[in-house]
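Asks: The following feature annotations were taken from TrEMBL:
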type	residues	note
DOMAIN	16-283	domain 'Protein kinase'
BINDING	K45	ATP binding site
TRANSMEM	331-352	transmembrane segment
DOMAIN	357-427	domain 'PASTA'
DOMAIN	428-495	domain 'PASTA'
DOMAIN	496-563	domain 'PASTA'
REGION	533-593	region 'Disordered'
COMPBIAS	540-563	compositional bias 'Polar residues'
COMPBIAS	571-582	compositional bias 'Gly residues'
Amino acid sequence: MTESDETPTVPLSDRYEVGGLLGRGGMAEVRIGRDLRLGRPVAIKQLRADLAADPTFQERFRREAQSAASLNHPSIVAVYDTGEAPDVHGNDIPYIVMELVEGRTLRDILRDGRKIMPERALSITADILSALDYSHRAGIIHRDIKPANIMLTPAGQVKVMDFGIARAIADSSSAMTQTAAVIGTAQYLSPEQARGETVDARSDIYSTGCVLYELLTSRPPFVGDSPVSVAYQHVREEATPPSQLNPEVTIEVDHIVAKALAKRVDDRYSSAADMRKDIERVLAGGSVDAPTQATAALGATAVAPAAATSTIPAAAAANEEEEKKSSKKKWWIAAAVLLIALLAAAGLVWAFTNQEEPPPAMVDVPTGLQGMDEQSAQRALEQAGLQLGDVTSEASSDVPQDRVIRTDPEEGTSVEEGSAVDLVLSSGPEQVQVPDVSDYMLDQAKSLLEGERYGLVVQVEEADSEQPAGRVLNTNPPAGTSVERGSTVTLIVSRGQVSVPNVVGQTREQAEQTLAGVEGAQFQVVVNEDPNASAPAGQVTAQNPSAGTSVAPGSTITLTVSSNDGEDNEGGGNGNGNGNGRGNSPSTPPPND
């Protein structure tokens, strides 16, 4: 691991505890964190140390981070705080503390192959445009609108991410010579971004049109083997109307997409609010106007005023007529020569501007990247003539932590030399938090823990408690502990209490059968014999605990059982008892001497 890969242990600015890596891009990394002062989870984005060392870049980042922090809109990921903290070398690294949003990005949803209905696609886009309209009015251009920067929460709310960061990374002079991480993703670039020209808010509208196109058709408007080829299509080619790829898309939606994707900036919507109004009009069942196409201006035909009438000699008229014919002939010759020259010039311009470029060199994405660490994979890519793209992470039980799970494009794919290859690293086995199931009944707790949400294995241990039988007392590990999905959690469950039956007067055998028959009781029976009892031998004369007492299952029940052999009773019955427990036998005459 590099130093930037290590999870910081010292809280940022003595306030923010920094945890595991959520994602990494070409410019920054995002980690989960916790605001120790307010006790809430946050996301913390820090720029790479090598970029943060540039004073000019630091100043841009500070300025734009402050602007982003001022944005307060329900469809924008909130920025809570900005600051700087020293790294291990003592260099101040800028950071941004953001709202931690639960949900999935549109990129992940689209990659899963989920079909999005046109109405839902329009609704999502309307929320994106609402966020953009707010930011544009605040003077902030996003510059990197794409599915990966848009999240949907479990409640269906849209959250646009990375406001202000793109402004700090790419100023108005950004050109295609910069890395893809700086200028955005080629599939969603506006033509002016692809040409390296100055951009304004209408570039965000074009990128939003690309996102809407993909939501409607499950593919971007332009695809190619490399970022350069895709950028070329943004500049020179027209996208296929969405309705030709998805018959559920109406002509009105085609019009909205066409206007958003207009090559000329002036032909697009003038603001995000205007595009949102058209979308809301279509969602309400209305129609929108077709986008205006630029047309060539036609020259007006001039009408010459009528000449004054006069009488001239016939010869003069003839000479004048001859001169007119000669003049017309010369004019036509000059016009023909000029036309030929113009056509030749146009041909040269076309030839120079439309020459077939030599096909780019193609290389294969190296095989064997899976299982490598990030640095080894980057070296392998560079040796193959490729560059490292975005690095993200996801949970995996099969691939060790910080090792490559897969690449995009996949290993072995033929791509243009110099292309960026994205890596997905393992963040280790998926972790889940043991929920608090105390006071749940056993069946309810098992159903929750073993279900899809937690995927845990449940063991059960019983414990004595005054709680009803089957009620969960606690868990091991305790609630709130992070454990691997699929690991074992032990539920400590109450045995409950049972009532002791009355067995006094029963024989020992009958009493033991009665106690054993109490469901779930599992009594332990101890017998004490009483030789002085007046009851017949083998009869229970007392019990402890007494009848009706509530005790825990497995409790000990002590029985007192008579061991009297019955002789005292017989002697007592005929008046011959002598108090020693024996009766006297009948008198026998003494033998004769």
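Keep in mind that glycine also has a Cβ here, set from the backbone N, Cα and C atoms.
On a predicted model such as this, the values are computed, not experimentally measured, just so you know.
Give me the structural setting of these features: burial, nearby parts and distances.
Replies: Residues of the domain 'PASTA' (428-495) grouped by DSSP class, helix first, strand second and coil last, total 9 helix, 27 strand, 32 coil.
Across the domain 'PASTA' (496-563), DSSP classifies residues as 9 helix, 25 strand, 34 coil.
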Asks: Would you mind listing the long-range same-chain contacts of the compositional bias 'Polar residues' (540-563), meaning Cβ under 8 Å and 6+ residues beyond its ends?
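Replies: Non-local partners: 462, 464-465, 469, 495-508, 511-512, 515, 520-531, 533-534.
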Asks: Report, as a single number, how many Cβ atoms besides its own are within 10 Å of the Cβ of K45 (ATP binding site).
Replies: 24
Asks: Mean pLDDT across the domain 'Protein kinase' (16-283), rounded to an integer, is what?
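Replies: Value for the domain 'Protein kinase' (16-283), mean pLDDT as a whole number: 84.
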